[in-house]
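A.B. asks: Sharing a structure here in C-alpha cells format.
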Amino acid sequence: MIKASKCNKPRALFLVRVSIPRTFIRNATSAVPTTIKLNDLASLPPITKSLPTNLPFLMPDTLQSLLRFDSEKEKQPSTDKSNDKDKPSRKEKGKDKEKENEEKKDINMDEKYEINEETDTKPTIDPNNPVSSKSNISSSSGGDNNNNNNNNNNNNDSDGKNDDGSPKDKEFLSPSDSGLHPPFLAIAMKDRPFLPGATRHLHVSDPEVIKCVNHMINSNIKSPYFVLFHVRDTNSEDAALDVIKDRDFVHEVGTLCQIIKTTGSEILVYPHYRVKLVDISTPNSRSESIEKEQDNSQTSYLKKFEVSYAVTQQLKDEPYDEQSITINAWTRRIKELYEKLAPKYDQPENKEEIMSNPSMLADFIASKVHAKPEQIQEILESSNVETKLELSLQLLQVEADADEMRQTALKNIRERTEKAYAQSLIKEYTKELLKAAGIGENSKVHKFDERIKHLKMPEEAMKAYKTEKERLGTQSDMEQNVVERYLDWLTQIPFGVYTKDSFNVKKAREILDRDHYGLKDVKDRILEFISVGKISGNVDGKILCLAGPPGTGKTSIAKSIAEALNRKYTRIAVGGVQDVHDVKGHRRTYVASIPGRIVTALTQAKTSNPLMLIDEIDKLDTTSHGGAARAFLEILDPEQNNSFVDNFIEVKVDLSKVLFVCTANYLGSIPGPLRDRMEIIEVNGYTKNDKIEITKRHLIPAAAKKVGLDEGRVVIPDETISRLIDKYCRESGLRHIKSLINRIFSKASRKIVEELEETDVDSHNKDTVEGTLVAKESEKVISDKAKIDTENSPIEYIQSNTEVKAETTTESQQEQEKEKEKDEEIKKLDLPADLKIEVKPETLKDFVGPEIYIKDRLYETLNPGVATGLAYNTSGDGDALYIESILTDSISSDLGNAGLHVTGSLKDVMKESASIAYSFAKQFMVRQFPDNRFFEAAHIHVHCPGGAIPKDGPSAGIAFTSSLVSLALNKSLPNDTAMTGEITLTGKVLAIGGLREKSLGAKRAGYTKIIFPKDCEYQLDEIPDEVKEGLTYIPVEWYSEVFEHLFQGISKEEGNSVWKEEFAKLEDKKKSKKTNTK
C-alpha cells in the first residue's frame, strides 16, 4: 500500500510511504552507498531553469564534486556492509549467518528510512536562489543528478585521473564545515559588477584568460566555473586587466559564475551567488597553500596558464524576519515601482519566485536599473536583506523619477506638436474659407492698405509693395511670415510725411536760455543756423557736430534745437558699432532680419524730416576695416543721402530732409573723410561761475523735486556750492556735481525723517504712560464688578464674559486691519513749516564725504629744475603739469655717462618733446653761456609726477626746456608763472590748443601769469572775462622771449660760473689719472 502526502514547506518533495517486503529492500539497497546523505550534497547549484533552453550548456552532471574539504577522513569513501552483499563470497556462507546479517540490514534500512524522511521534508535547491546552498536538490533534477554521480563514481578508471591530469569526480565528496570552494579561475572586471540570478555577457581581453576559458570548454572540464571580482580603483591604468594583480586590487566580495557559452572574447555566464575572497594566487605572487592543494584539485589545470585563481567561500544572507514591517513595506514599494517600469525590462520566467523572495528581488532590481558600479558593489557586499532592499529601492526610485520626467517631456512635446498641427489645420481651413467666399486677403493686408493711404510712396516703393502683396496667401508659412514682416516695415516708413519747420529766432533763444545756462558761443551758432534757414526757407542737407567734454549738455542742446525748429527728435547711439549691417540692415534672406538703425529711427519719428541725433560718433569701432564709418559717409553726405537704400527694405529712402546732429568728445577719433562732412560746433566746458548758476537754477530744483521736498527746505549757499566745485568736482561737465547734489538731498531727507521720528517717539511715550494709568483704573473697576457678578451667578458670569471677549476681539481685529491698510497706503509726509536744513561749507563733508582735492598746488616754492606746464584732457579739465629735472650724479664724479632719462608714463609725442628740448637746451646754453659746460658731464633724469596717468600731446616743449635750463643755471623759476607751448630745435614756439581749459587749471592752482604761443592769441577772445580776470597772458614766439621772462637779471658771468668748482674738481681728477697712468 502506497500513501503520499505533501509537505507544508514550499517546493518540498512528496513523501512516499511504501510497505515493501524486506527481501526486496535488501536487493534494492545493495546498489546504493550508505554513506551518501542528501544533506551532504554539493553546495554549488545545478544549471538554472531560467536560462534559454537552446544554449549548448557546458556543465557537469553534478556540482558536488567541485568542493574541497579539510578533513582527510571525509575524503575517504565510506563503506557499508550492505555493499558487500553483492559480492560472490557472501553466497557461500551458512544460512544462520545470512539470517543474522539480514536482520541487521533491516534495522539499518529502518534507520536510513528515518534519516531520508527527515531530509526529504527540507526545501529543495532553488535554481534561481543560490544562496540556500545547503538545501536539497529538487525532485526533478536532484535525484537524477545524484544517481548519475554515483554511477560516475562507480565507473571511474583505476588510475583516478582524467586525460588532462585532473582528479576524477570520486575525489570530491561532501564539503567540510569550512565550506570553502576549490581554487577557481579569478577574473577582475572594471565595469558594472554582476549580481546573482541573471545571465550576463562578459568581455575578456587577456590572451591567457581566453586560453584558460577555451581549455575549460574544449576539454569537457566538469567545472566550467570562475569567480568574478570588481576592481577597486576603476580609474587606474591597470583597471582594464582581467588578471588580478594582488588581493588589494579587487573587492573582497564577488560572484561565482558558470560559463554557458563562449564566442571569441565574449563569454555568456550565469552568476550563481555571492562569494567572499579567502585566498588568491596571482602570476606575480603565487600562494603556497593554494599551490599545494592544487595538486589534488580538479582545477589543477589552472597552473598551466598565467592567470589568477582564488579560494572563496559562499557569502550567505543574514537571517531575517519574513514578517518584518520594513522589509514588507520596501518590497511592496519596489513591486509598485517595478510594475510602472516593467515595459522597459525583459521579464524573467521565474518572476513569481523572484517577487516572493526579498533577497532575490533586491538582486533582480539592482541588476536592471542604471547605477554606478560602486552602488552595485555595495549591494553585492551586503548580507543584510533589509539593507539590500533599501539600496535597491533608492536606485529604482531614481529610475522611476527619471522615467517620469522623460514621460512628462514627451507628453509636453506631443501636446505642443498636436496644438501646432491643429492650429496649422485651422489656419489653412480659414484661408480656404476666405478664398472660397471671395473675401480676399486677411485683416493684415487691409491694415497695410490703410497705412499707405496716408503716405506719398514713391513709384519704386509702391511697386515693391504691390509685388509683395500679391505673394501673400501663395507662400508657405515661413515665407508668409517674411513677406508680412517686410510689408509691415515698408508701410511704417513715413514716405512724404513732414512737419512744418519753425524759424522763429526769438522763440529759439527763449528755449535755449530756458534749458541751458551759458554756452554763449554755442547758442549764437545755433541761432545763426536757424536764421539762415529762415532766409532760405529750409535747413536741408545740414550736418552739425557738437564737440566737447562729457557732461556739457550736447544731447540736451540737440533736444532744444529740435523743439525750436518744431521737428521730431530721435536718437541713435553708435558707440561701439562696428558692423555695417547695424546701420544699413540685413537682407531678408537672413532669419529674423530687420532694417538698420536709420530706417528704424525714421519709423519711430513718424516723419521724414526729424532731427536725428547720432550720439558718440567719435566712438565708432573702426577696427573692422571701418565698415560702420563707411556707411555714415553715405548717410551724412548731402549729395548721396537722398537715395539711401537699406538692405532689408531694398527701396530708396530720402534722407536729405533729415537734420543730422552728431555729438563727439574728441574730434581726433573721427575719421577725416567723415569729419569733413560736418559743421563743427565746439561746446566748451563750464566755468566755475557757470557751474554755480546752473546748480542754483537747474540742479537743486530738480534734486528737490526728485526727493519730494519743497524748494527752500534744503538751503545750499553759494559758498557751499563753490567749495563743492573746488574740492570735489573740477571737471568741465556737470554730471559729477549733479550726483553730489542728489546725494546732499538724500542725506537731508534722512535727517528730516529721523528728526520727525524722534519727536513722534517722545509724544508717543507720553501718551503711552497716560494710557497705561487709565487702563489700570479700568481693569480695577471691571475686576470688582466681575467679582460681584461671580458671587451671584458664576455660570452666567463666564458666559457673558466670554461673549464680551469675543466681541471685543472681533472689533479689535477689524480695527487693526483697517489701521494696517491705512499704514500701507503711501502718503506724502506733512512737514512743519519751520523745518529747514542748511548745508554749510563746514558741514559739507557730512553730506558728500571727505574732500577729494586737498591741495591746489604740488609745489608752493619751485626748486631748480622744476617747471610748471599746463595740461588739458578730453574730459575738458585743465590742470598744472609739473616737470622735474635732477642730476643723478655730481659733475665731478667723472662717470662719463652724460645724457637724458625720461619717466612719468609719457607717450611718444611727449617723449619727442623732451628729446627736442634737451637738444635745444644744450645749444642754447652753449650760445648764451659758453663757459657753462653743464650738459657735457651731467646725466639728467626728467620726470612728470602722476605716473599712473598717461600723458601725451605737443604742448610741453617750452616747459621741458625751461626745466633743463633751470637745472643748468641752478636757478628756480618764478612761483607765479605757468607755461604752455611746443618748441622746435631752433627755438620756435608752436601753437597749441585748449588755452581756455588750461587757463582754468592755472587759475585754480593759483598761478597769475601764463606764457603761451603768440599764434594762439585769437583764443583769448573765446575765453570768458571771468576766467581771464586776475590772469596775465604773455605771448611768445621764440624761446629767447621765454628766457627773458623766467630768468630776469641773470648775467653771463653768473651763468658761466655756476658749476665752476665742480668742473675744477673734474679737471683735477683727470690730471691725477694721467699722472697715475704714467
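Note: Cβ is positioned from N, Cα and C throughout, glycine not excepted.
Source: prediction; values computed, not measured.
Dumping what Swiss-Prot says about this protein:
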ACT_SITE  S955  active site
ACT_SITE  K998  active site
BINDING   G548, P549, P550, G551, T552, G553, K554, T555  ATP binding site
COMPBIAS  71-123  compositional bias 'Basic and acidic residues'
COMPBIAS  127-157  compositional bias 'Low complexity'
COMPBIAS  158-172  compositional bias 'Basic and acidic residues'
COMPBIAS  815-825  compositional bias 'Basic and acidic residues'
DOMAIN    182-400  domain 'Lon N-terminal'
DOMAIN    861-1049  domain 'Lon proteolytic'
REGION    71-179  region 'Disordered'
REGION    792-825  region 'Disordered'
TRANSIT   1-27  transit peptide
A.B. asks: Looking at the recorded positions listed here (G548, T552, K998), whose Cα lies nearest to that of S955 (active site)?
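C.D. replies: Considering only the listed recorded positions, the nearest one is K998.
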A.B. asks: List the other residues in this chain whose Cβ sits within 8 Å of the Cβ centroid of the ATP site residues G548, P549, P550, G551, T552, G553, K554, T555, in sequence order.
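C.D. replies: Apart from G548, P549, P550, G551, T552, G553, K554, T555, the close residues are L546, T663, N665, V683, G733, G876.
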A.B. asks: In this predicted model, what is the average pLDDT of the domain 'Lon N-terminal' (182-400)?
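C.D. replies: Averaging the confidence scores along the domain 'Lon N-terminal' (182-400) gives 83.
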A.B. asks: Under a three-state reduction of DSSP output, how is S955 (active site) classified: helix, strand, or coil?
C.D. replies: coil
A.B. asks: If you measure P549 (ATP binding site) to K998 (active site) at Cα, how many Å is it?
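C.D. replies: Pair distance, Cα basis, whole Å: 14 Å.
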A.B. asks: Does anything in the same chain, at least 6 positions from G548 (ATP binding site), have a Cβ under 8 Å from its Cβ, and if so what?
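C.D. replies: Looking at Cβ-Cβ distances below 8 Å from G548 (ATP binding site), excluding near sequence neighbours, one finds K554, N665, E682, V683, N684, G685, S732, G876.
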A.B. asks: Among all the protein chains here, how many other CB atoms are within 10 A of the CB of G551 (ATP binding site)?
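C.D. replies: Taking all protein chains shown, G551 (ATP binding site) has 20 Cβ neighbours within 10 Å.
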A.B. asks: Reported as an integer number of Å, what is the Cα distance between T552 (ATP binding site) and K998 (active site)?
C.D. replies: 17
A.B. asks: Which whole-number value in Å describes the distance between the Cα atoms of G551 (ATP binding site) and K998 (active site)?
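C.D. replies: Distance (Cα to Cα, whole Å): 18 Å.
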A.B. asks: What is the interatomic distance between the Cα atoms of T555 (ATP binding site) and K998 (active site), given in whole Å?
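C.D. replies: Cα-Cα, rounded: 25 Å.
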A.B. asks: Between the Cα atoms of P550 (ATP binding site) and K998 (active site), find the distance and write it as a whole number of Å.
C.D. replies: 17
A.B. asks: Once the DSSP letters are reduced so that anything not helix or strand counts as coil, what is K554 (ATP binding site)?
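C.D. replies: Note: K554 (ATP binding site) is helical by DSSP.
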A.B. asks: To the nearest whole angstrom, state the Cα distance for the pair K998 (active site) and G553 (ATP binding site).
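C.D. replies: That comes out at 21 Å between the alpha carbons.
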A.B. asks: Write out the long-range same-chain contacts of G553 (ATP binding site), meaning residues 6 or more apart in sequence whose Cβ is under 8 Å from its Cβ.
C.D. replies: H516, L519, V683, L734
A.B. asks: Among all protein chains shown, how many Cβ atoms are found within 10 Å of the Cβ of P549 (ATP binding site), not counting that one?
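C.D. replies: Around the Cβ of P549 (ATP binding site), 22 other Cβ atoms lie within 10 Å.
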